């Protein structure tokens, strides 16, 4: 298999895997619709997912990486739909509007700033890539609290093994793809994603679940690589 064909195959499988990962939010929204309430859950993961995918979409357009563009068009659309569903069923609509307004402001400010660098395309790509990495790393910081809880309780039953394993595979695929196309902005966040997933998988070995269910795991605790 040629290098070009291998790159194409890897990017295609990575896109498919990532979209399936994004679709995990649909199960949560389904519960909102069934209960006609969001309960005490937060809409921040959906809103931040929209922000992350929007930035990566911008990066994909600037670098002409079609796989990045495709997966983040799908991702930003899904997270926007999830946010709208959350808004419909939450009692705290004002907070949701404020959070989404803040995210939109950040998005617009970054786009306007990078557009001013149009004559310096490499710098435009560099700045956008840094922003993408920062946003993604912030996602990866979210599960750390749950990891500390598992370590204190010495019980990993609150962690969903299938979702964590999927996250590892997705991050690994994008990491390899980033290496193949020599893109450090794709490599760095997905390397961190692999490490985080391995840490969580390691907790299953160190602290086996006493009665595994995984129901306590919330979307906020799952990082989104793209």
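Backbone N, Cα and C define each Cβ position, glycine as well.
Database features, via Swiss-Prot:
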TRANSMEM  9-29  transmembrane segment
DOMAIN    9-93  domain 'MtN3/slv 1'
TRANSMEM  43-63  transmembrane segment
TRANSMEM  68-88  transmembrane segment
TRANSMEM  95-115  transmembrane segment
DOMAIN    128-210  domain 'MtN3/slv 2'
TRANSMEM  130-150  transmembrane segment
TRANSMEM  161-181  transmembrane segment
TRANSMEM  185-205  transmembrane segment
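For the transmembrane segment (43-63), the neighbouring stretch richest in Cβ pairs under 8 Å, chosen from 9-29, 95-115, 161-181, 185-205, is 95-115. Averaged across the domain 'MtN3/slv 1' (9-93), the predicted model reaches a pLDDT of 93. Highlighted: of the candidate stretches 9-29, 68-88, 95-115, 9-29 has the greatest count of Cβ pairs under 8 Å to the transmembrane segment (161-181). Per DSSP, the domain 'MtN3/slv 2' (128-210) is made up of 67 helix, 0 strand, 16 coil. Among residues of the same chain six or more beyond the transmembrane segment (68-88), those with a C-beta under 8 A of the stretch's C-beta atoms are 14-15, 18-19, 22-23, 25-26, 28-29, 32-33, 38, 43, 46-47, 49-50, 52-54, 56-57, 59-61, 96-97, 100, 186, 224, 226. The residues of the domain 'MtN3/slv 1' (9-93), classed with DSSP into helix (H, G, I), strand (E, B) and coil, number 71 helix, 0 strand, 14 coil.
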